[in-house]
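Notes for the one structure printed next.
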Amino acid sequence: MSEFATSRVESGSQQTSIHSTPIVQKLETDESPIQTKSEYTNAELPAKPIAAYWTVICLCLMIAFGGFVFGWDTGTISGFVNQTDFKRRFGQMKSDGTYYLSDVRTGLIVGIFNIGCAFGGLTLGRLGDMYGRRIGLMCVVLVYIVGIVIQIASSDKWYQYFIGRIISGMGVGGIAVLSPTLISETAPKHIRGTCVSFYQLMITLGIFLGYCTNYGTKDYSNSVQWRVPLGLNFAFAIFMIAGMLMVPESPRFLVEKGRYEDAKRSLAKSNKVTIEDPSIVAEMDTIMANVETERLAGNASWGELFSNKGAILPRVIMGIMIQSLQQLTGNNYFFYYGTTIFNAVGMKDSFQTSIVLGIVNFASTFVALYTVDKFGRRKCLLGGSASMAICFVIFSTVGVTSLYPNGKDQPSSKAAGNVMIVFTCLFIFFFAISWAPIAYVIVAESYPLRVKNRAMAIAVGANWIWGFLIGFFTPFITSAIGFSYGYVFMGCLVFSFFYVFFFVCETKGLTLEEVNEMYVEGVKPWKSGSWISKEKRVSEE
C-alpha cells in the first residue's frame, strides 16, 4: 500500500503541515497504542507475487459483482425489445395484426434506466458516507431488487415496466458509485487499477450471459422470454447481498468514524499480514493524517465541489468529462441495439451475433486487467480513443456506401455486413481494454475522501444522463441518417483523445493520498507520469 506521507492543508498563502504524531498520541487514549511515526516512516507494503493477493482479489471481485447486475440488464434489454411476447404485451398493434414497439416507447424503456441510475447515484450514493460503503452497497442492491420485482410483475402495462426500470436504475446508480469506491479504498496500490477494473469485467460478464439467456429463451412464445432473465437477475442480486457480509469495510471510512482497530483489521485482511506489521502501522499513519487534515477543513458540502480550494473543481470537471466521453465513444450504440443493428446488416440470427460481441467484450476485459497497471491510465485512454475512431470510420463508411449496393429495398451485401461485424468486434475489443474500465478507475482514484462519494455521484450521473440520451434518441437518429451516426461518435472520440492528453493526470502506482498531493501541486497532465511525491523526493535527496 502506501508510504507515510505528510498531509497538508492550504489556507490562503499559508501552508499548515499535519503530521501523524498528534493523531497517534490521541489514539493512545482511545484504543490500543500505535507506534510512533518515526519508527515506521519508511515502511511500505511492498509489491508481492500475484499469488499473495488472492484474498484481496476475491474480495474485490465480490464487491465488483454489482457490475454484473448492471451488465445483465444491458445485455437482456437489447433482446427484450425484439422478442415477440414482450412486443405483444408492451407494444402496439399494426394493421396486419403484428405487434411492434414505437421508437418513442423503445427509447423510453431502454433509456429511462439511465435516468434512474443518475438519480440513484446522486441520492443513494450518500448512504456510503452515512453507514459505510459495505452497508450502503447492500441497501442500494435492495432498491434494485424492488425494481426487478415490479418489472417481473408487469403484465400488459408498459408504464408499470417503465416504473420498474426507473427504480432498478436507481439501485444500479448507487452501486456504480459505491462499488468502485469501496474497491479503490480496499485494494493495495500495486493492483488497485486492476481491482477497480473488476467492476467493468463483471459488467462485460453480465452483458455476455444476458445475451446468452436471451438466445436461450427467444424460441418460447410466452413471458418466459423475458421473465426468466429478470428472475435470474433477482437471484444474482440476493447473492451479492450475501457476499457483502464477507467483505471488510473501507479502512479509510473506518478511520473517518474513529474505528481505528477495525481499520487496522481491514487493512491486514486485505493485505494478508498481521495488524502489528510495520507496513500496516505506516499505512494507518498515512490514512489518519489525511483524514485529520480533511476533518480540520470542516464538513464537505456540495458547494465545495465547485470551488478551486484543494484543486477540487478541476477534478470534478475531469470526472464529468471522462464519464461523459465514455458514453460518447458509442459503445452503447452496439450494446443496447446490437440485435437491431445486426438485423439491419442482414444477419439471419442476430441474437447469435450479439453473443459473439458479448464474448469479445468479456474476453477483452481480461487484457485490460493487465494493461491498466502495466501501461498506465493515460496511454490506455489515448490508444483506445484513436483505435475506436478508426473502427467507426470504417464501420460507418462501409454501412453508408456498400451495405445496400442496389438500394435499401434490396438485400444487403453479405461481404459488407461481415466487414461491419468485424470492425464492430474490433471496436468492442479496444473499448474493453481502455475506456470501459479506466473511466471508473480514474474517477475512483482522483478525489479526496471527504468529497469522494459526492464527486463520484456527479461524474457517474453524467455517464447515466448521456446513456439515457443515447438510448432514447438512437432509434430516431438511425432512422434519419442510418449508419452515418457512426461519424458522430468518431468526432467525439477525436475530441476525447485531445481532452485526455491535456486534462487527465496519470495515477498509476500512486496511493490515493499521493494522487491528491499531485493535484494540489498542479502538475501538468502530460508530465504527471514522471511525478513523485514530496516525501519520496526528500528521501531520494
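Every residue gets a Cβ built from N, Cα and C, even glycine.
Residue-level annotations in Swiss-Prot identify, among Thr29, Thr36, Thr274, Thr29 as phosphothreonine. Going by Swiss-Prot topology annotations, Asn271 is found across the membrane from Ala480.
When Asn82, Asn299 are compared with the annotations in Swiss-Prot, the one labelled N-linked glycosylation site turns out to be Asn82. Tertiary neighbourhood of the topological domain 'Cytoplasmic' (440-456): same-chain residues 121, 125-126, 128-129, 176-178, 180-181, 183-185, 192-193, 196-197, 199-200, 252, 256, 290-291, 294, 297, 299-300, 302, 304-305, 310, 312, 315-316, 318-319, 322-323, 372, 377, 504-505, 507, 510, 512, 515-516, 519, selected by CB-CB distance under 8 Å and a gap of 6+ residues from either end. Across the topological domain 'Cytoplasmic' (440-456), DSSP classifies residues as 14 helix, 0 strand, 3 coil. Between the transmembrane segment (108-128) and the transmembrane segment (457-477), the number of CB pairs under 8 angstroms, six or more residues apart, is three or more, so the stretches are in contact. Fewest other C-beta atoms within 10 angstroms, among the recorded positions Asn82, Ser266, Ser539, are seen around Ser539.
Broken down with DSSP, the topological domain 'Cytoplasmic' (184-192) shows 7 helix, 0 strand, 2 coil. Ser266 (phosphoserine) sits 29 Å from Ser539 (phosphoserine), taking the CA atoms of both as reference points. In terms of C-beta pairs under 8 Å, the stretch of 163-183, 193-213, 351-371, 380-400, 485-505 lying closest in packing to the transmembrane segment (457-477) is 163-183. According to its DSSP assignment, Asn82 (N-linked glycosylation site) is coil.
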